[in-house]
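A quick write-up on the structure given underneath.
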């Protein structure tokens with residue numbers, strides 16, 4: 001069974017970059033429309049394809065024809081003959097929404113409920129587009145700013161106090177007194193103001209944050225968010241939530257229920273195969289604050305920055321608890337090649353730098369690889385090697401048995 005070269009879908013969301021994905025793929029830049037995400041996988045909203053002896057077919061069709069060969073027996077059995085992850089390049093020129101993703105139980109219930117209501121899968125006001133949860137990991141390719149989970153109540157109060165609008169003063173006092181138990185009442189009050197209250201409060205925040213913008217990135221991001229999304233109380237997010245800047249090569253993990261927002265930068269994103277998002281603000285898309293409040297975990301959440309851990313020559317990875325996916329990085333030089341284990345799950349490889357060859361099979365069959373290329377590597381292929389000066393990011397499924 002060969003290694004397959006992928007053809008992927010680009011999602012043109014409004015917050016996307018007009019240069020980052022185009023540069024990665026060697027396409028004309030700037031692009032005519034924003035290019036926000038490059039999807040590699042089988043999700044029906046953006047399915048990848050391969051060119052095989054049977055012609056051009058989707059990865060989903062390829063898996064359906066040979067589930068045990070493509071996925072590997074263990075992965076096929078554990079995940080119902082389905083690819084359990086979705087691999088992406090995310091390129092944010094503007095901030096994304098304040099959002100969270102549901103647990104499996106919440107996703108199944110929400111998906112069933114909206115199906116019973118007769119809501120089309122592509123309806124703009126649909127929250128649940130599938131019945132799966134969506135834990136995710138993001139690894140920075142450029143400096144990458146984001147909000148991830150709630151700060152400690154004491155830290156949030158200290159940052160909010162100088163800029164808090166009058167309409168939220170009672171909530172701030174409640175958080176001062178109740179500590180962690182005050183996070184939910186404050187966030188709920190902040191996200192459920194009337195239109196008039198929101199406009200007035202946002203102007204107050206803008207006036208108070210402006211003189212402090214040079215003293216802290218928290219207030220500088222408040223100004224940036226206020227200019228991008230006037231009259232949106234998500235502008236207080238950088239004070240209430242952990243503000244993170246990942247350096248290239250660093251990563252962070254986001255479990256179900258974790259409130260977060262990506263603010264800017266380019267990263268590699270890997271997640272369970274889902275497109276379920278509950279949004280609360282900082283977006284022109286559908287917002288459902290009551291549903292968001294139901295899925296968010298209101299707890300102080302120290303951010304853990306993930307550094308790559310060596311897994312062997314030319315190979316590193318990230319500590320991640322997800323059962324559906326693991327993220328790795330392969331870096332080779334002309335003098336040092338990578339040789340994969342012979343026992344693997346299905347893998348998707350994305351080249352972000354350099355050029356070389358993927359070599360497999362007893363007769364040394366090979367494919368050229370350069371920046372922007374992506375590949376599906378079937379589990380049944382066995383061992384393969386990477387030669388040349390290449391950086392590849394690898395999506396895989398953690399094996400529980402140690403063998404396929």
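Backbone N, Cα and C define each Cβ position, glycine as well.
Keep in mind that TrEMBL annotations are predicted by a computer and have not been checked by a curator.
Keep in mind it's a predicted model, so treat the numbers as computed, not measured.
Residues or ranges marked as active site by TrEMBL: 279. Around residue 279 (active site), the same-chain residues at least 6 positions away in sequence with a Cβ under 8 Å from its Cβ are 97, 98, 99, 285, 286, 287, 288, 292.
Summarising the annotation, TrEMBL assigns Zn(2+) binding site to 99, 101, 136, 260. Note on residue 101 (Zn(2+) binding site): other Cβ atoms within 10 Å of its Cβ, all shown chains, come to 25.
Within the chain carrying the compositional bias 'Basic and acidic residues' (111-129), a Cβ under 8 angstroms from the stretch's Cβ atoms is held by residues 45, 102, 274-278, 285-286, 288, 291, all 6 or more beyond its ends. What TrEMBL lists as compositional bias 'Basic and acidic residues' is 111-129.
The domain 'Phosphomannose isomerase type I catalytic' annotation in TrEMBL covers 3-152.
Regional average pLDDT for the domain 'Mannose-6-phosphate isomerase cupin' (343-394) in the model is 95. According to TrEMBL, the domain 'Mannose-6-phosphate isomerase cupin' annotation covers 343-394.
The region 'Disordered' annotation in TrEMBL covers 104-129.
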Cβ neighbour count within 10 Å of residue 260 (Zn(2+) binding site): 25
Other than its own, how many Cβ atoms are within 10 Å of the Cβ belonging to residue 99 (Zn(2+) binding site)? 25
Measuring CB to CB from residue 136 (Zn(2+) binding site), give everything in the same chain under 8 Å that is also at least six residues away in sequence. 101, 253, 254, 269, 270, 271, 272
Cβ within 8 Å of the Zn(2+) site centroid (99, 101, 136, 260 excluded): which residues? 100, 134, 254, 258, 277
